[in-house]
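In Swiss-Prot this protein carries:
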type	residues	note
BINDING	64, 139, 205, 235, 239	substrate binding site
BINDING	206-208, 240, 269-274, 292, 327, 348-350	NAD(+) binding site
């Protein structure tokens, strides 16, 4: 494809939309730093010892202002960094420009095609003749997936000379992945094996990527150690819940200017993300209906005052539909045909397969009207009524808005820094096998503690007698591993 890597005056590679936005990006990064006490504390604690000196880190995670603070924390600790976004719509171009100019190699811009997206992912993994990265910060697992699929293809090629055939799958995106690997084989038939050999491990940010890791662990195909950052309490119970409580109405209002009060909102799924979305719609005055498969989550929703029904029960009644499941085929084209005129359909899960966009786009006679970027109206011919789809069924909170605020992302990204440090510091110890791990409770509590002062909190201290009475150390951790919060 006709894309070329550019270089800064210092020789750093990049590909972003507009480098003239770098100064604007820097101003917003400086604002975000004040709201990200955990990351700034990591710089203070670890910066002088440069623990990442010599480490090459590849990131595949939304290239936002908040991520810029994460990247500059990694570089402040001594790492070299190459970065791409994990979603075609989520990059904030001024953030990408500032980091590309000042700190790290960035390959990301808002509105990438899928082909451009995978080109950027490949560039972020490309560390030249020395192989790939030492560490990966992943979000959704696409960088991890590319390496695993590359290794598998190279093994097949070595055994029987088979080259990946993009036409062997009906999935348009996976066709691009196979095409990349096919082209790579022609240049270096051991490229992904070299990456696998060098890799110390990956830390994974989100629920969807974690599911992929556990699937690979179960089948014995996981190629390197992984730390599940998503299931740190200070990630899933804060970013997923309170972050989505903030970002869902933000995205809805920026995209449509709709008044949420008085509307009927349907939240598909009531995990941590769904809980945040349902709370947000309720707080804005909507009547909220939840769809669920899990009786425990369903009962939780009922206890919060939400109604539990199936999508089929409410498809013609509701005004706003939000998918939060991390599963596929949640809202299908037959559902969308039955919706009210101008019902809003959006997804806040990681991938784009919760909403049947392929079925919608290929529906006979359907007319697509682009209102503005990432806001489209699809009109059905038989009724001449339409629905409004946000971010083409992808992650609406970053496609239509700017995602989660800096403070809650500081909790998540402090976990990422700690996970990366843990993998790197233990790289020669044998502590981590080719399995999926979570960070220990005392580190989870440390992340929380780093964020209390910013909010004016003052913790009560246990006496020695009190600590002994409940069988915990005076300084924690205070809860057993199985405690659910």
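Cβ from N, Cα, C; glycine included.
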(request) Please work out the number of neighbouring Cβ atoms within 10 Å of the Cβ of residue 348 (NAD(+) binding site), leaving out its own Cβ. (result) 29
(request) Determine the C-alpha span of the substrate site listed in the record, that is the greatest distance between any two of 64, 139, 205, 235, 239, in Å to the nearest whole number. (result) 17
(message) I'm trying to understand the geometry here, so how far is the Cα atom of residue 64 (substrate binding site) from the Cα atom of residue 269 (NAD(+) binding site), in Å to the nearest whole number?
(response) 26
(request) Can you figure out which of 206, 269, 271, 350 (the binding-site residues) comes closest in space to residue 239 (substrate binding site), comparing Cα atoms? (result) 206
(request) Measuring Cα to Cα, tell me the gap between residue 206 (NAD(+) binding site) and residue 139 (substrate binding site) in whole angstrom. (result) 6
(request) Count, for each of the binding-site residues 64, 206, 208, the other C-beta atoms lying within 10 angstroms of its own C-beta, and report the residue with the smallest count. (result) 208
(request) Could you tell me which of these binding-site residues, 139, 239, 292, has the fewest other Cβ atoms within 10 Å of its Cβ? (result) 292
(message) Using a 10 Å cut-off on CB atoms, tell me which of the binding-site residues 235, 350 is the least crowded.
(response) 350
(request) Would you mind reading off the Cα separation of residue 350 (NAD(+) binding site) from residue 205 (substrate binding site), to the nearest angstrom? (result) 11
(request) Using C-alpha positions only, work out which of the binding-site residues 208, 271, 273, 292, 348 is nearest to residue 235 (substrate binding site). (result) 273
(message) With Cβ-Cβ distance below 8 Å and at least 6 positions apart along the chain, what are the contacts of residue 269 (NAD(+) binding site)? List them in sequence order.
(response) 290, 291, 292, 297, 323, 324, 325, 326, 327, 330, 349
(request) For residue 139 (substrate binding site) and residue 273 (NAD(+) binding site), determine the Cα separation and express it in whole Å. (result) 15
(request) Using Cβ-Cβ distances, find the residues under 8 Å from residue 271 (NAD(+) binding site) that belong to the same chain and are at least 6 apart in sequence, listing them in sequence order. (result) 207, 240, 297, 324, 325, 326
(request) For residue 273 (NAD(+) binding site) and residue 205 (substrate binding site), determine the Cα separation and express it in whole Å. (result) 14
